[in-house]
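Beneath this line is the structure, given in structure tokens, with notes to follow.
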Amino acid sequence: MHLLSSLAALAAAITVAFADVQQCNAENASVRKEWGSLTPDEQLGYIDAVWCLRSLPSRLPNEQYPGVQDRVDDFVATHINLTMVIHRNAPFLPWHRQYIHLWETALREECGYNGTVPYWNWTKNPDLYTNPVFDTTQSPETSLSLSGDGAYVAPSPTDPDPDPGLDFAPGRGGGCVLDGPFKDWPVRMGPFSAAQAYPYAPVPENAFAHNPRCLQRNLDVARIQYYNNPSVLESLLAAPSIAVFQDILDRTIPGTWQQAIGAHGGGHISVGPTLADVFASPQDPVFMLHHGFIDLLWDAWQRSGSDTGEGTDRMRALNGTTMYTNPPGAEEATLDTVMEFGVLGSPKKIGEVMDIRGGEYCYRYE
């Protein structure tokens, strides 16, 4: 009888615990907000927490990762190491969802942050110079932005053109960020060329070498208004399938692995050069806010219809392989495909991260 009673008690406890996990809903979920909607105290809290993470020691061995000097660099190195299996493919959206979650968890558990990771709505203020994410004009030294443009650097004829065939006026920056909270933000790994990204490409030689330099930006209003305008957002949310949704985010030249710019890449190149580095873009603090908005859009698409027209629940909709640009013969991804996160956290199956109010997640966007 004692054994039966114990088993019954254990079963009841498991049932209660399971019920607790399942209780997350829109009312009790933590809220991720747009940067411009945060209060000054909330903005300062996030900025301080990010700098706190920068002050903490790395968990990677320095002899193998000489460019990794702190916890922020742990996130950068992990992204570099996995670039070819987390971009332009099926794991892209779920992997970055978990990546942001791990970042938020580190801010909270290691730096005492009590907020969430904010996001950058590309369309809320498309004039990047006055967007709250980048605007330092109110008070350059104490700005509650993520810092603004870089110093002007005249473009060179040898600079790679990310979108050949389109004639955009050059930006006003290109050099080191001059003011705001992140003017002294260190950048340590890379830079890498987009030509180093192709299916089955190895991790670049000396990928983790220590190459200290400044955070560089070249805010490009013309590009953000071209690639990330309200019509693009409408198309994303109206996408009839996850394949179409992905293609709007990251376009590929038909019949090839060669990349073309979509909404995802548009956000990166509109802020670069640091954010435009496909391997090492998390070295720009705007990275998490950019990908936070992509996660918002994916979640909104997931919740906007019962199925994709292909008999697939949108919460389970997946398309593509586990390799960069989905080349022929690459392994098809499934909900059981395991994603790695290195020193940041334990591996996750794609199916474990498909719902932001399921599993270990409990958040929503507003």
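Glycine residues also receive a Cβ, built from the backbone N, Cα and C atoms like all the rest.
Residues or ranges marked as Cu cation A binding site in Swiss-Prot (evidence: similarity to another entry): H87, H96. The annotation Cu cation B binding site is assigned in Swiss-Prot to H291. What Swiss-Prot records for N28, N81, N114, N121, N319 is N-linked glycosylation site. Here Swiss-Prot flags 1-18 as signal peptide.
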Cβ atoms within 10 Å, counted per site: which of H87, H291 has the most, among these binding-site residues?
H291
Rounded to the nearest Å, what's the C-alpha distance separating N114 (N-linked glycosylation site) and H291 (Cu cation B binding site)? Just drop the number here, would you?
20
Around N121 (N-linked glycosylation site), how many other CB atoms lie within 10 A of its CB?
22
Just to be sure I understand: of N28, N81, H291, N319, which recorded positions have a C-alpha no more than 10 angstroms from the C-alpha of H96 (Cu cation A binding site)?
H291
Cβ distance under 8 Å to N81 (N-linked glycosylation site), same chain, sequence separation 6 or more: which residues?
V203, A207, G342
N319 (N-linked glycosylation site): tally of other CB atoms within 10 A of its CB:
20
Inside 10 Å of the Cβ of N28 (N-linked glycosylation site), count up the other Cβ atoms and send me the figure.
10
Among the recorded positions listed here, H96, N114, which has the most company in the form of other Cβ atoms within 10 Å of its Cβ?
H96
Can you tell me the CA-to-CA distance separating H87 (Cu cation A binding site) and H291 (Cu cation B binding site), as a whole number of Å?
12
Any idea what the Cα distance is from N28 (N-linked glycosylation site) over to N121 (N-linked glycosylation site), rounded to a whole Å?
23
Determine, from DSSP, whether N81 (N-linked glycosylation site) sits in helix, strand or coil.
helix
Per DSSP, H96 (Cu cation A binding site) is which: helix, strand or coil?
helix
Going by DSSP, give the three-state secondary structure for N114 (N-linked glycosylation site).
coil
Reported as an integer number of Å, what is the Cα distance between the residue listed as 'Cu cation B binding site' and N121 (N-linked glycosylation site)?
10
Nearest-integer angstrom distance between the alpha carbons (Cα) of N319 (N-linked glycosylation site) and N121 (N-linked glycosylation site):
25
